[in-house]
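For reference, the structure is listed below as structure tokens.
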């Protein structure tokens, strides 16, 4: 039995086939009807306002404040872009050369060693401890050529300059001898005797050649190669002499006015002071550590000096300290220049 037999035929009843309940066919629906048909049965709940529109105490824990990026944010937005390096106007990249020709397939290229962009710069060499000698060759050569240029007539004057420069009596006597010979030649030339003229000419040539050779022979003695002084060593010597003068002035002041010397704290490098005494140490009042730092002193000798000082109330001189504290004789000259004894 066919179950469709009991359903009334739409064509028989004269009605056109269509959707049930009198609805419109799908092709006759408007866009609004289609959106209404696709809308779910229940509307979603309203969205929460953005985080910046609600107060902090009413904000859920899973929400982030405005401006904070989530963990998966793009690095472009996570960090600001770095500034580009400054390039001067008109700068162009260096020319790397023409392009290489294509390599045939299967060709093995030899390994290219790595070459640095610039050769390494060696560190500067330290200055030599003693600078090399620089002889004064220019002035010496000019001085030696004076007899040759003047045909021997300037030989006495050049040797006289050498004698004054070096303070040498032998060079002075040589200058006098050349002067006498030059005067004799000039005198014989003035007489008019042919024999004396020939003799004067011979002596003049002899003095010319001998004076030039003699000048070149003693040139290194007149203009020796002086070694320039080391500036650091010279400064150290000047400082040592200056501090020695300060110690002498402090001793003289202590001898004239001991109360002022105590007020200026002469010989007390362990106390703050404004007076520079050149490094003096007051043996009668300085602590043990300062005494042990004196030249030639040892901690045992410093302990002995402090013990004898407390027993006898101090010393008058370095000799008395050496006798009472049994200071070795070789130590006393080392420390005598730096000690002072104030009462």
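Cβ atoms are placed via backbone N, Cα and C, with glycine included.
Feature annotation (TrEMBL): of 141-162, 229-250, 251-272, 273-294, the stretch labelled transmembrane segment is 141-162. Cross-referencing 195-218, 315-338 with TrEMBL places the feature transmembrane segment at 195-218. Checked against TrEMBL, the range among 106-126, 169-189 recorded as transmembrane segment is 169-189.
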